[in-house]
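Everything below concerns the one structure shown next.
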Amino acid sequence: MILWAIFGYLLGSVPFGLVITRALGLGDLRQIGSGNIGATNVLRTGNKGAALATLLLDSGKGAIAVLLARHFGGEAAAILAGGAAFLGHCFPIWLRFKGGKGVATFLGTVIALNWPLGLIACATWALTAAITRISSLSALLAAALAPVFAWGLGRTDIAAVAAFMAVLIFIRHHANISRLLAGTEPRIGRK
Ligand code: G3P
């Protein structure tokens, strides 16, 4: 079981946002916008394709960790690998544990763990983003509701890992929360 946690963590540790922006010569993501390595900040480089690729790969690494672990190790291994991939994204070994805020990896992990729940989480994010145009607020709402919906679907095991990820997402968004409260959080695509 520990091997699935290590596998998930190492896969989650790959910082696709940094890899893609460096490969495309878009500058140092750490010096742009919020300084975060996620898709929202990649969009601030002005390259929509790079942002979409970051979103897909950061969510895909969570989903792949879950699906492989489930196939070879069962449901408990899948939950462990998904949680570990999320931790890897937030605290990657390759970046001296200074990683991202975990939202895309959280969504990918949840989709693979339980697709109806993933659909609800993505819809919560998309609907909030469509109304407010604020990525962090959308992420915070989706993260906060996911454990509640998982519990409602009768998946207390997934609710537990979703709650763990939600707590970390809130902690990782502490600067965003301060800006939201101050009314200075930028809209999607703005610096
Ligand atoms: O997914 C991260 C997002 O919720 C906030 O990103 O760059 O605006 O801090 P950013």
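Heads up, the Cβ atoms here are built off N, Cα and C, so glycines get one too.
All annotation found in TrEMBL is predicted automatically rather than curated by experts.
Within its own chain, the transmembrane segment (76-97) has Cβ neighbours under 8 Å at 1, 4-15, 18, 37, 58, 61-62, 65-70, 104-106, 108-110, 112-113, 157-158, 161, 164-165, 168, 172, counting only residues six or more beyond its boundaries. Sequence annotations record features per position, and here TrEMBL assigns transmembrane segment to 76-97 (among others).
Within the chain carrying the transmembrane segment (103-127), a Cβ under 8 angstroms from the stretch's Cβ atoms is held by residues 12, 38-40, 54-55, 58-67, 70, 78-79, 82-83, 85-86, 88-89, 135, 138-139, 141-143, 145-146, 149-150, 153, 155, 158, 161-162, 165, 169, all 6 or more beyond its ends. Residues or ranges marked as transmembrane segment in TrEMBL: 103-127 (among others).
Per TrEMBL, the feature transmembrane segment maps to 134-152 (among others).
Among the features that TrEMBL reports, transmembrane segment is placed at 158-175 (among others). Long-range neighbours of the transmembrane segment (158-175) within the same chain, counting only residues 6 or more positions beyond its ends whose Cβ lies under 8 Å from a Cβ of the stretch, are 34, 79, 82-83, 86-87, 90, 100-103, 106, 109-110, 113-114, 117, 136, 139-140, 143-144, 146-148, 150-151.
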Inquiry  = Cβ under 8 Å, sequence separation of at least 6 from the ends of the transmembrane segment (134-152): give me the contacting residues as numbers and ranges.
reply    = 40, 101, 103, 106-107, 110, 114, 117, 120-122, 124-126, 128, 158-160, 162-163, 165-166, 169-170, 173, 176-177, 179-180, 185-188
